[in-house]
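**Student:** Next up is a structure, given as structure tokens.
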Amino acid sequence: MNTRSVKCNTAFTSLLLLLIAGTFYGSSAYCGHGQERFKQPDAVIRPQKYPRRPSTTADTQAPRNKLRARSLEERNTSDLNDRYLPVQEADKLGLTAAMRMTSQWEIITSNQDPQQCLREGDEILVQNSIYTCQEEDIISGEKLRLIQDHLEWTREWVEDSLKVKPVLGVIDVSTSTFAQLSFLDTTNFTEADLVVAMTAHPDPRGGVSAYAACHQRDTYGRCTFGQFNWCPASIDTATGADTNATARRLALHETSHLLEAVKVDAFMVDDDGNRQPSNYSFAWVYDEEFNRNITLVKSPRVLEMIREHYDCASMAGMPLEDVTTGVGAHWEARLMGPEMMSYGQGSGEPYLSDLTLAFLEDTGFFIANYSNGGRFVEPTTTELKNHDWDFLIAIGQDSGQISDYDPPDPGNPEVAAGEPAHRLLPHFPCRMIYHS
């Protein structure tokens, strides 16, 4: 018998002995070396469930890279009972602060963004289209200076209007976010609650002045890092007051979108920090008169405010825009007129109503300063003269001219003792509103 046969026979014998031993001891509570044998428990004991703790690891982001690790400092505060602390409670405990917003211009100033026009006639790939750059698509030094001024104005407004539970550490740009935004040199930010990366891509289809998108959120869904693209062709270098006011309006409008303002896919959380289902804050009804589906906002503060404003206790919600290009992301313009978050390019000084501030508070992330809001907008149209719609007729109807819109003074309406607020405001007859 050769050596290989001896080894094979020895191995086979050892395996046979192990099988016999396993059968013999199979009913025993003990296994080798006198140790107690593992037994499946009658009930699976799970660890006690705790809310998610602040962490420096971006476990929701792309896989870590040893050379350039990306982590996200969670921005929510827990109280002594180690539970999620709603922003309203945090505010009462003095744990909120003015929201800190910072804008980053590295992508524009690097002149290396492949989606940015540098020379007239260049062909670039933007929004999955080959686009030939025009002269107006190039962001000159004057255009850059103007939008920097407008973003600084917006930063001051955000700081003065909204309080949040502040970031306790550093906001790090995740690997996935970094991959979407080329030539962003800075990858971690301190002393900030929202970082806005500015880009200057042209709109290949025309008609769009700017757009914004959130690229990174904290554990509970608040946007920490967003992109604001200002199409250079829409930047007017005229220095008139109206031009500057319109540009400020655009800057605040897009920034408000980053803050979740007035859109059907807004991230909203409950008092436990869980994302609310969409049917908690929104409703969908079919409008037979207009033959289309209507999206209504019915979040708590918005619903309370519109029912008082319109003197309609059964009102089901405030409609969002149903025009294709602005659907589900703006207030219905025929109801809210030139309000900041209505659909369409407005002009003049930015005017944000209490209704938009109420929507922001209903997300669960903000405490709003209502002294920076105002009443619902006044009507401006002269088209409807039905006696039930008298409130829609403009002041200048006798002259046959549509009167210029003059927004009311900021702040909540002053209500006399015992006089409901809606009596001071124009409102729809209750029968014209969508009812719950």
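Here the Cβ of each residue, glycine as well, is placed from N, Cα and C on the backbone.
Checked TrEMBL, it gives:
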- H253, H257, H330: Zn(2+) binding site (BINDING)
- 54-63: compositional bias 'Polar residues' (COMPBIAS)
- 41-73: region 'Disordered' (REGION)
- 1-29: signal peptide (SIGNAL)
**Student:** Suppose the Zn(2+) site is H253, H257, H330. Which further residues of the same chain have a Cβ inside 8 angstroms of that site's Cβ centroid?
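**Tutor:** Leaving out the recorded residues gives E254, S256, A261, V262, K263, A329, M340, M341, Y343.
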**Student:** Could you find out if DSSP has H330 (Zn(2+) binding site) as helix, strand or coil?
**Tutor:** coil
**Student:** For H253 (Zn(2+) binding site), what is the secondary structure by DSSP, using just helix, strand and coil?
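**Tutor:** In three-state terms, H253 (Zn(2+) binding site) counts as helix.
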**Student:** Applying a 10 Å Cβ distance cut-off over all chains shown, what neighbour count does H253 (Zn(2+) binding site) have?
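**Tutor:** H253 (Zn(2+) binding site): 23 neighbouring Cβ atoms within 10 Å.
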**Student:** Long-range neighbours only, meaning 6 or more apart in sequence with Cβ under 8 Å: which ones does H257 (Zn(2+) binding site) have?
**Tutor:** A212, K263, A329
